[in-house]
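Visitor: Annotation comment: TrEMBL describes 18-184 as domain 'Reticulon'. For 27-44, 51-70, 129-154, the entry in TrEMBL reads transmembrane segment.
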Amino acid sequence: MGDSNRISVHRVLGEGLVADVVSWKNWRGAVAVLVSAPTLWYLFERAGYNFLSFVANVVLLLVAILFFWAKAANLLNRPLPPLPDLEISEETIARVADALQIWLNRALSVAHDIAIERNLLLCLQVVGVLWVISYIGSLFNFLTLIYIGVLLSLSLPVLYDKYQDQVDGRLGVIHGVIQTQYKKNSQYCFKQDSKTLKQRKESA
């Protein structure tokens, strides 16, 4: 498989901040996520820390640090804390709303196809996905699941980008085996149906 057929994982992920972190192009952000994920998991899962208390304590610590920093800067003639412009732009809100609208429209479209169009295949796919999610959720609690998801999202895209040719080759072989088995089973079922139909006609 040539380089022209290679998929850019960074491009598939949208080439934004999340793509930079997941593909380790922004290695500082990736390291921050990698360090903070197990720390938060330990605090909430093992140490028994409460999420609301944690958020309140972190905000309290930040407010205290900023307050004393500003007081000390005023007394010592030093610059004030370098805070960014603390407001959300209309452009950011519009982007989030557009992304949310796309996801909601997709979900409503799937619901429409299942309920109105009676798409059996889509219904079975949705049921299968929800059953898999339910089964995985019964094995882990929500926080552990998020932690595993963070670790996988920081490792799988990088590994796939590095070993893409080998992975695609193995997947191609597996796909070929599945297709062959599917064709054999389809031919067998067709022969069985034809045989049953023929027997019914003869008995009639």
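Residue numbering: from 1, along the chain as shown.
Quick reminder: no glycine exception, Cβ is built from N, Cα and C everywhere.
Where the annotation comes from TrEMBL, it is an automatic prediction and has not been curated.
Since this is a predicted model, take the numbers as computed values, not measurements.
On this model, are these features tucked inside or out on the surface, and what's nearby?
Guide: Counting same-chain residues at least six beyond the ends of the transmembrane segment (129-154), those with a Cβ under 8 angstroms from any Cβ of the stretch are 21-22, 24, 30, 33-34, 37-38, 40-41, 44-45.
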Visitor: Can you work out which residues elsewhere in the same chain, 6+ from the ends of the transmembrane segment (27-44), have a Cβ less than 8 Å from its Cβ atoms?
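Guide: Hits for the transmembrane segment (27-44): 17, 20-21, 51, 54, 143-144, 147, 150-151, 154.
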